[in-house]
Amino acid sequence: MGILEVKGVNKRFGGLQALGDVNLSVRENTVHAIIGPNGAGKSTLLNCLVGKLIPDTGSVMFDGQSVLGRQPHEINQMGISRVFQTPEIFGDLTVMENMMIPIFAKRDGAFRMHAVGNMMSEKGIVEAAEKMLVDMNMADKRDMHTASMSRGDKRRLEIGMCLAQEPKLLLLDEPTAGMARADTNNTIDLLKQIKEERDITIAIIEHDMHVVFSLADRITVLAQGTPLVEDDPQNIKGNPKVREAYLGETA
Amino acid sequence: MLGLNKKDTTLLLVVAILTLCAPFILNPFPEGSALAQFNAGYPDLMQRFVIFGIFAIGFNILFGLTGYLSFGHAAFLGVGSYSAVWMFKLLSMNVIPAIILSMIVSGLFAVVIGFVSLRRSGIYFSILTLAFAQMSFNLAYSVLTPITNGETGLQLTLNDPRILGMSATADGSIPVTSLFGLEMRSTYQMEVGAWLFQFNAGYYLCAAIMLLAFYLAIRIFRSPFGMMLRAVKSNQQRMRYTGLNPRPYTLAAFVISGMYAGLAGGLMASMDPLAGAERMQWTASGEVVLMTILGGAGTLIGPVLGAGFIKYFENIFSKINDNVLHSWFSFLPDGLEDFIVTIVHPFIGKGWHLTLGILFMLVVIFLPGGLVEGGQRIARLFRGKKTANTSKTKTEPAE
Ligand SMILES: Nc1ncnc2c1ncn2[C@@H]1O[C@H](COP(=O)(O)OP(=O)(O)O)[C@@H](O)[C@H]1O
Ligand SMILES: [Mg+2]
């Protein structure tokens, strides 16, 4: 049994079958990559896992519990954190504040009325946030407003915010899409480091084959909403079906 | 001090000193002089300054932090006033129970209106709040006449069944509001040369409550809760996917700001025990939006400045008439005098809205951060000169 079990998931958008009978099993403490050509349904699948979309049929079990019918914040509180295709952070807040919010959410749950609480007395939260900034190599940006940061830094912060929650499962949707080469390499290095240093399960959607093969323990290839194969990276490379799906698209 | 950092403590102290010395500060011109027109240091007006200050401080907790623009906050102001007057009619002329009840009732209203309106955001939220407020206004005006006394407005009468206290005083008049016996209307007058300074009990009660309200607002701004409210404004999507539910946060902010409005309404009635439906009209809701934006939404002191600015205009500019203008420009040759008076005429008296409108547009266009940003720019001009000198001597690269 994997930590995440997706069984028989279907999702239609009008006449378009975005997901057709998707089965997926992500084992604990592995990096599971989901690859496939544009429009294969990768983001749709991810959205079904975090409560943004509800599948028409099928089941999604996380850690022995169904996530279907739960609100995004409830699913997050179960232990799933998500990184978006374009970094979603709090643009009007400082880097430090961005980092404190997930830690508050972890400690206090979905809502707490600490209206006259004092930030200065929240030592535990401040320390945890500062430690995570050091881990993310962003301590020098502590008081910066995030709106003025580079895409790579925003991504790094977003990943840090997700990690600060100590999630059981981290989902990443094309974390290097639209990034400059240097930012891409930075992000890959960061992910490798996370994989080595932390007990965490990662499911990643990625286009860049270099990224996929250097990170993944297991790969699922999605084409037209249906899993083509699921296998170890070395077997995926030579698989003729995968080549066809990819080369057919990129040629 | 009081759990505030140094900067906030200074701000609170400055505001405290200014409000306490307001009777002096607002009366800079000697009685009878040509400029006495611009004096604002009389009890009525000073009370209005601080009461609308409270209203705007509360509004800013919702709008400034979460970005949810309510166009119906006057409903809570009206509800607060009605509650307070009922308390005077039924219980006692003491303002404390009246103020407490006005906050409770407006808080309950805010829970209901907020619960429904916050299902939408942006313009739809604004429209929903506007609809609710307009509904309240119309109900108060007609259907709910037994409670609100309709068009006439709710007033005290000589046969109110006041439980703690008498229906009428010994000389047969309606009792006045008081704080444990201290009459709200009692005013100590101090004559210094040609100046007249007035110290009014009601004003000082309102000022003390305003300072308390301001202090609480600072605490909320600086609290983890305040940070969550700014997170709501910044990115609700990220918030949800970080395990936080934005809805109860916005509702809490809505209720808090509704209670601030109710408090303001209760204080209005405590200074002058009557309540009318027009207090709930959409123009009153719009006014607090103007105050907050004019002063600087999301800043601590902005709403107070905005409230003072608008109330000053409303009361001072509206009283300037052509006679006053003629007396100011009488030193000019007759033709020129008439010409200038004709030019200025649309901007004063009943035309004060025009002046305010133009000022509002100028501020929004050139100072999007409101009066507070204006103040900061001026401060930077002065400080800029100093730092420009010192930075020339620095050799390390700028970060
Ligand atoms: N909300 C939506 N409404 C309608 N069609 C959608 C929606 N989201 C995705 N789709 C369609 O579903 C298919 C899969 O999209 P997506 O999951 O974004 O693909 P990928 O992330 O693999 O590139 C595409 O054809 C896309 O146009
Ligand atoms: Mg996608």
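Cβ coordinates are placed from backbone N, Cα and C, and glycine is handled just like the others.
If you look up TrEMBL, you'll see B:12-29 (among others) marked as transmembrane segment.
As annotated by TrEMBL, transmembrane segment applies to B:49-71 (among others). Panel annotation: around the transmembrane segment (B:49-71), residues 19, 22, 40, 77, 117-118, 121, 125-127, 129-130, 133, 203, 206-207, 209-210, 213-214, 217, 220-221, 226, 229-230, 232-233, 249-250, 253-254, 256-261, 263-264, 267-268, 271, 282, 285-286, 288-289, 291-292, 295, 297-299, 302-304, 306-308, 310-312 of the same chain, lying at least six beyond its termini, place a Cβ under 8 Å from a Cβ of the stretch.
Taken from TrEMBL, the feature transmembrane segment applies to B:91-116 (among others). Listed by sequence, the residues of this chain that lie at least six past the ends of the transmembrane segment (B:91-116) yet keep a Cβ under 8 A from its Cβ atoms are 72, 75-77, 79-81, 83-85, 128-129, 132, 136, 162-165, 175-180, 184, 205, 209, 250-251, 254-255, 257-259, 261-263, 265-267, 269-270.
Feature annotation from TrEMBL assigns transmembrane segment to B:123-144 (among others).
Summarising the annotation, TrEMBL assigns transmembrane segment to B:201-221 (among others). Away from its own ends, the transmembrane segment (B:201-221) comes close to residues 2-4, 8, 11-12, 15-16, 19-20, 22-23, 43, 46-47, 50-51, 53-54, 57-58, 60-61, 65, 95, 99, 177, 179, 182-187, 256, 260, 263, 267, 270-271, 300, 304 of its chain (Cβ-Cβ under 8 Å, at least six residues beyond either end).
Taken from TrEMBL, the feature transmembrane segment applies to B:248-268 (among others). Panel annotation: around the transmembrane segment (B:248-268), residues 47, 51-52, 54-55, 57-63, 65-66, 68, 70, 73-74, 76-84, 95, 98-99, 101-107, 109-111, 113-115, 117-118, 205-206, 209, 213, 220, 225, 228-229, 232, 275, 279, 288 of the same chain, lying at least six beyond its termini, place a Cβ under 8 Å from a Cβ of the stretch.
Within the chain, the transmembrane segment (B:288-313) has long-range Cβ neighbours (under 8 A, six or more residues past its boundaries) at 8, 11, 15, 40, 45, 48-49, 52-53, 55-57, 59-60, 63-65, 69, 71, 73-74, 210, 214, 217-218, 221, 261, 352, 355-356, 359-360, 363-364, 369-373. Annotated transmembrane segment per TrEMBL: B:288-313 (among others), in sequence order.
What TrEMBL lists as transmembrane segment is B:354-372 (among others). Panel annotation: around the transmembrane segment (B:354-372), residues 290, 293-297, 299, 301-302, 305-306, 309-310, 313-314, 317, 346-348 of the same chain, lying at least six beyond its termini, place a Cβ under 8 Å from a Cβ of the stretch.
Long-range Cβ contacts of the transmembrane segment (B:123-144) within its own chain (Cβ-Cβ under 8 Å, at least 6 residues beyond either end) map to 68-75, 78-79, 82, 109, 113, 116-117, 150-151, 277-278, 280-282, 285.
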